[in-house]
2 protein chains.
Amino acid sequence: MSQTAAPVPDWVRKLKPSGPQGTELLANERKQSSVNVEKLSQFMFGKDALERKQKILKVLQAEKVFNKDQDYFDGRVDKWEKALARAKRMNQIYTKYGWGDLDKRVAYDLISEPLPYALHEGMYIVTIRGQGTPEQHKKYLEPAVAHEHIGCYAQTELGHGSNVRGLETTATWNEDDKTFTIHSPHLTASKWWIGSLGRTANHACVMAQLIIKGRPYGPHPFIVPIRDLKTHKLLENVYAGDIGPKFGYNTMDNGFLLFNKVKVPHDAMLAKFSAVDPKTSKYIKPASPALVYGTLTWVRSNIVLQSGSTLARGVTIATRYLAVRRQFQDRDAPEGQKGENQTLNYTMVQARLLPLLAATFALHFTGKSMMELYEANQSKMQSRSSNTDDSPSKRSAGPEEVNAGSDLLADLHGTSCGLKSLCSTTAAEGLEVCRRAMGGHGYSAFSGVGSWYADYLPTVTWEGDNYMLTQQVARYLLKSARSVLKGNDPTNDTTEILQFYLKRQDTGAAFDILGKDEDLVAAFAWRSAYFTFEALRARDQEKKSWNSLLVAFYNLSRAHSQHLVVKNFYETLHSHSISTELDPATLGLMHKLFRLYALNTLVSESSEFFTSSACTVAQIRLARSKAVMQLLEEIRPHAVRLVDSWDFPDWQLNSSLGRYDGKVYEDMFYRAAELNPLNKRIVDPYPNSPVLFREGGNGPYADILKSSPKL
Amino acid sequence: MSQTAAPVPDWVRKLKPSGPQGTELLANERKQSSVNVEKLSQFMFGKDALERKQKILKVLQAEKVFNKDQDYFDGRVDKWEKALARAKRMNQIYTKYGWGDLDKRVAYDLISEPLPYALHEGMYIVTIRGQGTPEQHKKYLEPAVAHEHIGCYAQTELGHGSNVRGLETTATWNEDDKTFTIHSPHLTASKWWIGSLGRTANHACVMAQLIIKGRPYGPHPFIVPIRDLKTHKLLENVYAGDIGPKFGYNTMDNGFLLFNKVKVPHDAMLAKFSAVDPKTSKYIKPASPALVYGTLTWVRSNIVLQSGSTLARGVTIATRYLAVRRQFQDRDAPEGQKGENQTLNYTMVQARLLPLLAATFALHFTGKSMMELYEANQSKMQSRSSNTDDSPSKRSAGPEEVNAGSDLLADLHGTSCGLKSLCSTTAAEGLEVCRRAMGGHGYSAFSGVGSWYADYLPTVTWEGDNYMLTQQVARYLLKSARSVLKGNDPTNDTTEILQFYLKRQDTGAAFDILGKDEDLVAAFAWRSAYFTFEALRARDQEKKSWNSLLVAFYNLSRAHSQHLVVKNFYETLHSHSISTELDPATLGLMHKLFRLYALNTLVSESSEFFTSSACTVAQIRLARSKAVMQLLEEIRPHAVRLVDSWDFPDWQLNSSLGRYDGKVYEDMFYRAAELNPLNKRIVDPYPNSPVLFREGGNGPYADILKSSPKL
């Protein structure tokens with residue numbers, strides 16, 4: 001179709017926004033603060049990572065297929081087509097440049113949309129590597145690495161998500177010919193939500209209930225070809241496709257998959273940990289379920305690590321825009337300072353945005369600590385066991401929540417579940433707060449926040465639903481509390497806190513939350529311990545049903561995890577490295593951000609703090625009406641520089657409102673007037689005319705309208 | 001393109017979900033409750049409205065252009081094209097059937113997406129009718145009604161939303177030739193977000209700063225032709241287009257509009273209330289700004305009225321799905337009742353969903369009271385004044401927040417601002433809670449909640465941003481409190497509450513919130529009054545700046561409005577009509593819903609309740625751990641019948657998960673496998689192949705990939 005929009009007339013091209021310009025406003029913002037952006041970025045990410053990002057950015061920006069101009073306009077099919085083109089090109093690029101895992105992750109981060117090979121690389125290959133035998137590596141891993149097999153990881157079903165043990169797909173061992181029959185007995189057995197399966201994959205790693213001689217052995221992984229390697233058509237007795245559009249994540253072909261008694265050979269079952277002995281038809285048990293358990297912890301820890309930067313994108317965009325956006329005069333402003341006020345100056349905006357700015361740092365430091373904890377535990381475990389195949393880069397993926405024998409992992413497990421739930425919820429909900437704080441323009445796709453939010457949302461559900469996960473945390477805390485009550489010595493931070501509470505509960509707490517940072521942390525610990533023992537009493541003494549306590553468990557997990565975040569932020573600020581890397585002024589500001597995060601959280605959860613006597617009603621009132629408001633005022637002048645330290649390139653943000661240079665309105669206008677394909681269509685606006693478009697081509701709906709009977 | 005998806009094989013067609021079937025589960029749900037759905041629906045909507053809906057539904061369902069099968073798949077351009085086709089057909093239909101305003105509103109409600117003529121009908125015609133002279137009606141209204149002119153209402157600009165007085169577009173009076181020059185002096189003066197302007201309209205009602213002899217007179221409405229009536233191309237010195245995709249609302253062509261010194265005749269300025277005398281060039285003041293003020297109140301009251309049903313769609317879908325969805329066993333379930341548990345049985349799900357179910361009724365009854373209050377005030381005003389042109393069906397739309405002289409309207413204004421903010425926020429956020437409560441499948445477009453939520457979101461920003469509006473409420477409450485302090489007699493409910501609080505503040509409150517419903521309402525009133533006087537002290541005695549109090553004002557407005565909602569729900573339950581129309585069992589259940597809404601709100605705002613001494617810490621603790629949990633259990637068995645009473649036809653919901661018959665999985669599968677256009681494409685999955693699709697046609701991105709240089 002030869003479509004041309006009305007060209008932008010010269011008189012329009014000459015127009016500028018009314019002054020002061022966004023560029024000046026942001027320049028002033030940066031002038032009024034002394035935060036050392038470069039040093040702060042380096043402290044957060046390390047110099048290497050910052051340089052790596054610039055190097056990769058340059059490569060991607062030069063590629064036409066990664067041009068983001070049309071990203072917000074494309075419909076589902078175009079979006080996905082483009083994503084496939086990008087996935088292919090990415091593969092060509094990283095092969096050519098020899099990029100490693102770290103480079104690839106940076107590249108995907110900059111591209112900022114899920115690509116169709118993601119599950120091939122992130123789950124299919126990883127699972128075969130982690131759970132396959134050397135022979136299986138030869139047969140399945142090598143062609144996968146060479147991209148001759150394109151795979152996916154098929155676990156979730158139409159009828160079963162969180163409850164992996166309830167999966168319906170079966171893999172029945174055939175003693176006679178030493179094969180397995182993969183079968184979907186019901187419609188609800190259809191695999192569902194499987195990334196890269198809908199259109200891309202020709203192989204699937206299928207989690208199916210292993211059945212030997214009529215006896216079930218739980219879900220196990222099987223490698224099953226699903227599409228012809230040459231024609232890419234579905235193989236016989238396999239039915240698969242894309243599950244359709246979603247609230248976000250539409251660049252991914254999440255798919256469905258059904259089997260009608262498909263036979264696969266004995267070596268289709270990944271057999272490193274458990275297997276069927278082909279001679280005896282006996283089941284061989286997994287040697288160490290703890291390893292699988294560790295893998296899920298790694299996945300969750302990564303979600304925690306990414307939650308800070310996920311939220312920071314929204315906060316960056318909103319902070320810059322709200323420093324450029326001006327609306328109304330300040331009613332009480334002195335005569336000389338009339339003129340419209342930057343919206344970032346309104347306390348109602350600050351109260352929504354600046355605690356989230358503080359949260360970005362809190363989550364980031366927590367994520368880093370979480371990963372360190374994970375790695376420390378891995379080392380310990382590896383020095384104990386001879387198994388060495390569960391390093392993060394070679395992680396295996398397997399059945400959900402196999403109960404670990406290892407106590408060592410229990411703490412890490414509880415921590416990662418609670419933090420995954422809290423941090424991803426904070427990031428998701430925070431992004432929407434940022435979007436709304438931007439008022440009308442926040443609703444435009446060009447804000448860049450809506451699609452980012454929509455793509456992120458599955459994170460609150462997958463790798464453990466954020467509500468469900470809190471049961472794991474509660475279980476861990478109850479167990480810890482029982483151990484402390486028995487008089488066992490504390491073995492970690494959690495049990496220490498519980499023991500401290502027990503010793504002090506008759507004396508009561510007297511934390512100087514407004515005066516001392518360490519007391520603020522202690523108040524969070526106290527509240528968490530208080531509710532742990534409350535829950536324990538309800539369960540063990542009052543014998544309340546598990547179901548009746550789920551809400552209490554959710555709240556308990558949140559209390560515990562908020563304490564962890566506050567503590568991690570506090571400890572980072574008292575680490576040796578920060579005092580050597582940051583100048584005193586910037587470090588002082590980070591302390592204010594810590595206090596803002598902690599006090600603002602305390603205020604929003606105030607009823608739990610006074611119920612547990614972690615602080616007094618008077619303290620809460622002072623925190624709300626004085627301390628938080630004071631901190632907002634003190635942090636406000638540094639907001640733009642603080643978001644700058646997150647170091648998001650404009651190309652990554654792809655946002656009119658979040659531009660580093662403040663050219664917000666120019667960019668909005670450019671995208672609307674010059675990039676928008678709808679403007680290439682000239683309509684026929686009259687209701688009785690059956691033509692829809694006079695220029696630019698009529699689509700399927702014009703035909704439908706035309707064929708409607710005359711009334 | 002001749003595209004065919006792989007046909008669904010016979011063995012797939014024969015598959016059923018594993019039992020028990022959704023149909024049985026919902027049948028059981030309906031069997032276990034005695035709620036009289038029909039009576040309850042009639043009480044809520046009236047028999048006439050229910051019958052009207054069925055009649056209109058039948059007409060729409062028979063029309064091919066309103067078939068919703070592809071609604072979730074279409075990209076922006078297709079979506080909009082379809083919406084235009086629908087708008088045209090709607091016009092043909094209601095002309096043919098002679099549908100009135102009420103019928104049309106029902107039809108739009110059933111269609112459930114914004115259509116391109118919406119602003120022509122809802123704002124352009126209404127404004128001319130309300131603010132035009134008889135001569136202007138002849139010239140502009142008649143062709144608009146005949147759809148020869150298609151108009152829009154162009155107020156908001158790229159640089160100005162909430163602050164209407166800050167609009168930059170000018171309309172300068174030319175004494176010499178008796179014309180106005182409409183001009184956009186800056187890029188930020190571009191009209192922006194204007195519905196129906198992007199592609200559809202050929203006329204705009206433009207709000208522009210009237211300037212006479214160099215002196216500004218504030219924003220006034222001007223009728224300006226923008227596109228040629230024959231070619232539909234832009235007129236000279238006009239530049240307009242669609243502003244691009246949004247988070248939702250993509251069936252509407254929200255547009256931008258710039259003028260380069262466009263001359264319009266004297267009669268372009270709508271002159272019923274204010275005008276320029278062409279002979280003297282003098283400005284003629286509006287006779288009664290109160291009328292305009294009343295209009296905005298009507299718009300907000302309508303948002304309040306619709307908030308209940310908006311939320312109810314999400315609650316209906318989630319409740320039905322979560323009664324069908326089963327996951328995990330109840331840990332404490334007795335032996336006989338093993339098997340997977342309906343997710344609606346988990347308290348963590350109930351605690352999220354059932355308070356929202358209660359809220360749907362609370363908001364609905366509040367909306368009805370709000371409209372009654374509005375109409376009562378209209379009658380009073382009309383009996384006082386001789387102006388009769390501001391009835392809802394002939395409402396005018398004009399400059400924002402003209403200060404009314406009438407005290408009568410001040411209460412209504414405060415109430416409508418506060419309720420608009422509270423109720424639309426409750427609905428928007430509640431929808432997202434419903435979506436997430438559905439876990440993974442809630443993220444599918446087929447859930448029907450995501451797009452509904454995304455389309456509704458602008459409501460929290462437009463007609464007064466939900467944060468900004470609370471300043472109006474606070475201003476009203478402060479004024480009321482000052483009047484009470486002066487010893488004036490109460491004139492309405494607000495001042496009565498304030499006076500009661502003043503009298504009792506030294507005695508203290510002793511509300512039996514867990515025992516008596518009327519005390520529960522009184523506790524909400526007490527808290528609202530307490531914070532009103534707190535805010536008054538901060539402003540009048542401590543002389544705090546307005547800006548520093550915005551957060552307190554927001555909280556105050558929420559407290560005041562929550563009291564109104566609780567009170568309205570309470571009063572509805574004690575009205576004569578409900579006791580005659582509902583059987584005692586259903587009425588009893590409605591009382592439980594009232595208590596759940598009130599107590600759950602109290603618990604989530606508990607820190608305000610104890611700070612104000614509206615209740616004790618012990619009461620809050622009991623409410624949280626006992627009363628609310630007990631109510632959830634008692635309401636749970638009736639949940640499905642309660643949502644049935646909202647009477648949403650499946651066609652309206654367009655949701656796999658919310659189907660009345662519970663065929664959730666069958667519907668999900670059907671849409672994915674048989675309606676999904678992406679499944680018509682066979683891809684080439686190999687990274688080094690430049691072809692993207694082997695069948696189904698390659699689009700623009702295949703070309704881009706092909707043209708990328710070899711690496």
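Heads up, the Cβ atoms here are built off N, Cα and C, so glycines get one too.
TrEMBL annotations:
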type	residues	note
REGION	B:1-23	region 'Disordered'
DOMAIN	B:36-148	domain 'Acyl-coenzyme A oxidase N-terminal'
DOMAIN	B:152-262	domain 'Acyl-CoA oxidase/dehydrogenase middle'
BINDING	B:THR156, B:GLY195	FAD binding site
DOMAIN	B:293-478	domain 'Acyl-CoA oxidase C-alpha1'
REGION	B:377-401	region 'Disordered'
COMPBIAS	B:377-390	compositional bias 'Polar residues'
ACT_SITE	B:GLU463	active site, proton acceptor
DOMAIN	B:518-684	domain 'Acyl-CoA oxidase C-terminal'
Annotated stretches the domain 'Acyl-CoA oxidase C-terminal' (B:518-684) and the domain 'Acyl-CoA oxidase/dehydrogenase middle' (B:152-262) touching (3 or more Cβ pairs under 8 Å): no
Helix-strand-coil residue split for the domain 'Acyl-CoA oxidase/dehydrogenase middle' (B:152-262), DSSP-based: 6 helix, 53 strand, 52 coil
Coarse DSSP state, helix versus strand versus coil, of B:GLU463 (active site, proton acceptor): coil
DSSP residue counts for the domain 'Acyl-coenzyme A oxidase N-terminal' (B:36-148), split into helix, strand and coil: 86 helix, 0 strand, 27 coil
Euclidean distance between Cα atoms of B:GLU463 (active site, proton acceptor) and B:GLY195 (FAD binding site), Å: 14
Recorded positions compared (B:THR156, B:GLY195, B:GLU463) - highest count of Cβ atoms within 10 Å: B:GLY195
Confidence summary (mean pLDDT) of the domain 'Acyl-CoA oxidase/dehydrogenase middle' (B:152-262): 96
Subset of recorded positions B:THR156, B:GLY195, B:GLU463 within reach of chain A (CB-CB under 8 A): B:THR156
Cα separation, the residue listed as 'active site, proton acceptor' to B:THR156 (FAD binding site) (Å, whole number): 11
